[in-house]
Structures are given as C-alpha cells and as structure tokens.
Amino acid sequence: MTAQLIDGNALSAQVRAEVAQRAAALTARGHRPGLAVILVGDNPASAVYVRNKVKACADAGFHSVLEKYDADLSEAALLARIDALNKDPAIHGILVQLPLPRHIDDHKVIETISPAKDVDGFHVASAGALMVGEVGFKACTPYGCMKMLESIGLKDLRGKHAVVIGRSNIVGKPMAMMLLQANATVTVCHSGTADLGAFTRQADVVVAAVGKRNVLTADMVKPGAVVIDVGMNRNDEGKLCGDVDFAGVREVAGWITPVPGGVGPMTITMLLVNTLEAAERAAA
Ligand SMILES: Nc1nc(=O)c2c([nH]1)NC[C@@H]1CN(c3ccc(C(=O)N[C@@H](CCC(=O)O)C(=O)O)cc3)C=[N+]21
C-alpha cells in the first residue's frame, strides 16, 4: 500500500485564505498586519526564502518591508534597527533571517526582538511560554507540522507515540513540546541515540528534523505510520530533498509529507498566522 500525501501547498492555500480574510477585517478597522523581514549578507538560499515570505505577505494583504543589509553590518547597528522596529506601530512581526554573518550573535539578536513581535517564536520568552502552556508565539515549522497532523484528523494524539528525530531549538525541541501538549507520548532521538530504528519502528508519528538525507528509511517505519519530513537538503543531482527516503518510506507509511511541497510552505503559512495574531493582539 502506498502512503497518502499530506499536501503542504494545498493546506497552505486553505489556511492562507482564512488568514487573508481576517487580515482584511483588521485592515478595515485601520490595523493592517505588518511584517518586517531583515536579511543580512548575500546567502542565495536566504534571498529566495525571504522573497517567498514577502510575497506570501502581499498575497495575504499584509504590509511588509524587506530590509537588506551588507554582510559587514555591525551587530550594534542591527540591534538598533530591531529596537526601532519594536517601537514601530505599523510593524507587528519582526523576522531576522538566519543564518547571520559570524560576527553577529544570533542569540543577542533574537533576544532584542520584542516577544510581542517575535513571530518566529525563537525568543526565550516564546520558548518558555510554549514549555509552560502560556500564550506566546509558536515556532513556525513545528507549528506547521501540528497543522498538518490536524488536517488528517490527528489534533489529539492521546494514546499515540510520536518520535522526533532532532533536538534543535527551532524545530526538534519545540516540536516535542507541541506533540506533548497534544497528548502524545513523545520520544526525542538525536545524534547520540543508539539504534534509532528501534525507536522509530514503535512510532505512530515520526518527525524527521535532522538536516541529513535518508535519515529515515523504509525498514525503520511501522506500517501505517505518519511521517513528517522537515528536512531541506540537496541530492546528488542538486534537487531539493528531505531527511526521509521518500520513495522507500511511502510504500510503508500511512501518510507522508513530500519535499518540496510539504513542511516548507506550511512554515511560511504559520509565519502569516503568527503575524496576523500579533496584529490582532495589538488591535484588541
Ligand atoms: N528567522 C528565520 N526564520 C525562518 O523560518 C527561517 C530562517 N530564519 N532561515 C532559513 C529557514 C528555512 N526556511 C524555509 C521556509 C520555507 C521553505 C519552503 O517554502 N520551501 C519550499 C521549496 C522552496 C525551494 O524550492 O527552494 C518547499 O518545501 O516546498 C524553505 C525553507 C525558513 N527558515
């Protein structure tokens, strides 16, 4: 049996249509949602992603500004810019595209963004809010994965075992917290895990977020399991591929997300959702 696809483009279109409606209502009341995106340096992949984000904003009727700076921008200048955006009433969300040049401390930059405008959900206050179940912005990639699960009827994961592969601050750790909040029994595997397959074979839901091809192969998946692929890698032909051996795993899994067209578009969609929510909170 071949797995069913969870189509991130189709689900994104659905969610973005709702976002556009709510944005129009806010705009009519004089509170048009606004996102500021800051790009430092000339990483070509970042330039593409940032353009996609700005376009998604325009399509949803948001105000957006893209600020591009040369790679030699000083950390102090970047922090000063963030400080100004924190105070700008037309801006509800601030996204500083990562990675940043080496002379700039990511952590300092993220912590300078006002938690009220932290639509990436990377601030320690946002991470802490998620941890204790308080109101705060959820990191967009794991939030998008949760939306994908919800779209196939898995909003409540009571009785399910979810295995997360990867423990990054921006995906693996918040993913585990969100799954836990949805009542799953959660296992977090990582580079120090011995016999990864022994864990993943017991999973009803596997989320692969490592950043390496073929981390999950067909022999590691329980028949009928849901497989969410967060990876963004290039194969030998230079084509975009995830962390999952898609061709093999789709013959075993019940559901699987493709790359491209899976988690990637959902990440941008949840950025819009967070920005809309920031604007709604500011208008309330
Ligand atoms: N502050 C910050 N926030 C981020 O959210 C952030 C970041 N920095 N730095 C880089 C990563 C990467 N990221 C992606 C989002 C969407 C796609 C996406 O839409 N991908 C398409 C394909 C795009 C293509 O063809 O290259 C897809 O999967 O279908 C990819 C990657 C957000 N990131």
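Just so it is clear, glycine is given a Cβ too, placed from its N, Cα and C backbone atoms.
Taken from TrEMBL, the feature NADP(+) binding site applies to Gly166, Arg167, Ser168. Residues annotated as domain 'Tetrahydrofolate dehydrogenase/cyclohydrolase catalytic' in TrEMBL: 6-120. What TrEMBL lists as domain 'Tetrahydrofolate dehydrogenase/cyclohydrolase NAD(P)-binding' is 139-282.
Feature map: annotations from TrEMBL on the structure.
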residue: Gly166; record: NADP(+) binding site; Cβ neighbours (10 Å): 24
residue: Arg167; record: NADP(+) binding site; Cβ neighbours (10 Å): 18
residue: Ser168; record: NADP(+) binding site; Cβ neighbours (10 Å): 16
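Secondary structure from DSSP puts Ser168 (NADP(+) binding site) in coil. Within the domain 'Tetrahydrofolate dehydrogenase/cyclohydrolase NAD(P)-binding' (139-282), the DSSP-based counts of helix, strand and coil residues read 54 helix, 26 strand, 64 coil.
Each residue in Val164, Ile165, Asn169, Val171, Gly172, Lys173, Val188, His190, Ala209, Val210 lies on the same chain as Gly166, Arg167, Ser168 and has a C-beta within 8 Å of the C-beta centroid of that NADP(+) site, without being one of the site residues. Residue counts for the domain 'Tetrahydrofolate dehydrogenase/cyclohydrolase catalytic' (6-120) by DSSP state, with H, G and I taken as helix and E and B as strand, are 60 helix, 18 strand, 37 coil. Looking just at the domain 'Tetrahydrofolate dehydrogenase/cyclohydrolase NAD(P)-binding' (139-282), the mean pLDDT is 98.
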